[in-house]
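Enquirer: I'd like to ask some things about the structure below.
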Amino acid sequence: MINQGVYPDNVIYKTLIDGFCKMGNTEAAYKLFDEMESQKIVPDFVAYTALICGLSQTGKMVEAERLFNEMLKKELEPDEVTYTAFIDGYCKSGEMKKAFSLHNQMVQIGLTPNVVTYTALADGLCKCGELDTANELLHEMCRKGLQLNICTYNSIVNGLCKAGNILQAIRLMEEMQEAGMYPDTITYTTLMDAYCKTGEMVKAHGLLREILDKGLQPTVVTFNVLMNGFCLSGMLEEGERLLKWMLEKGIMPNATTYNSIMKQYCVRNNMRTTTEIYRDMCAQGVIPDSNTYKF
């Protein structure tokens, strides 16, 4: 555009910055942001928010914080979207004190945290192992009349499962359904992973049947979780049957699927079968990854 003597205006710059941020290319977005100022176009609230969102999502919290403070100095008032993106970034990096400080700041200036804000906080708490606080947050959301979404529930189910509280996770799934919110593939896959890690393969396999019976679409991650569970439990025949079923149903495995089986055959010093599976993998057009060659 510039080569042809046509210069982007404020709207075009903001659209491009937002687009690059959503692609995770914050360097390109930042370059455009700086270019706006060099073209005497003053970045507004929307441009700042888009870039803060992008930086927060990619874990560049120091840069996001600098922009946020710059926004405040220029008397550009952040809204719920700006705060929530910033809070989510801190939660993802495990900086929960800073996340809650921003939450409190939101409330003090009259902004209302929404379900996305609370979901980010709940997810961060679960990842830090603060399940009781996450549960309190869940009840606080309900008291405030906020409609919990599937992401909120999945975050807490994931936290409970990682802490080994499978029964509590199941109870929460029951509460979900009582509230008219039904578990999705991610919920079931999370619970399946917990069962696999405790060696409860009958229950884990049963969840795959439940996913299919409910008309949900399992992902390759779902199958990889189950495959890894079978292999780590020494149930290689079941693992191979699962792989065969996937191929028959047109569900394309990936390198991780094959790696689980090959690794266990290597552990058993059965290199002939390992080689056969490797050849089958290549014949299916599945590209080996770096882990494939570590066995």
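Using N, Cα and C of the backbone, Cβ positions are placed for all residues, glycine too.
Note that TrEMBL annotation is computational and uncurated.
For 9-43, 44-78, 79-113, 114-148, 149-183, 184-218, 219-253, 254-288, the entry in TrEMBL reads repeat 'PPR'.
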Enquirer: For the repeat 'PPR' (149-183), find every same-chain residue at least 6 residues outside the stretch whose CB is under 8 Å from a CB in it, and list them.
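Expert: Distant contacts of the repeat 'PPR' (149-183): 115, 118-119, 122-123, 125-127, 129, 131, 134-135, 138, 141, 190-191, 193-195, 198, 214.
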Enquirer: What are the helix, strand and coil residue counts for the repeat 'PPR' (254-288) according to DSSP?
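Expert: The counts are 26 helix, 0 strand, 9 coil.
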Enquirer: Please indicate, using numbers and ranges, the residues of the same chain that are 6 or more beyond the repeat 'PPR' (9-43) and have a C-beta under 8 Å from a C-beta there.
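Expert: Distant contacts of the repeat 'PPR' (9-43): 50-51, 53-55, 57-58, 60, 63.
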Enquirer: Taking residues 6+ outside the repeat 'PPR' (184-218), which of them lie with a CB under 8 Å of any CB in it?
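Expert: Contacts of the repeat 'PPR' (184-218) (Cβ under 8 Å, skipping residues fewer than 6 from its ends): 150, 153-154, 157-158, 161-162, 164, 166, 169-170, 173, 176, 225-226, 228-230, 232-233, 235, 238, 251.
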Enquirer: Do any residues, 6 or more residues outside the repeat 'PPR' (44-78), come within under 8 Å Cβ-to-Cβ of it, and if so which ones?
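Expert: For the repeat 'PPR' (44-78), the sequence-distant neighbours (Cβ-Cβ under 8 Å, at least 6 residues beyond its ends) are 10, 13-14, 17-18, 20-22, 24, 26, 29-30, 33, 36, 85-86, 88-90, 92-93, 95.
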Enquirer: Per DSSP, what is the residue tally for the repeat 'PPR' (149-183) in helix, strand and coil?
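Expert: The repeat 'PPR' (149-183) comes out at 26 helix, 0 strand, 9 coil.
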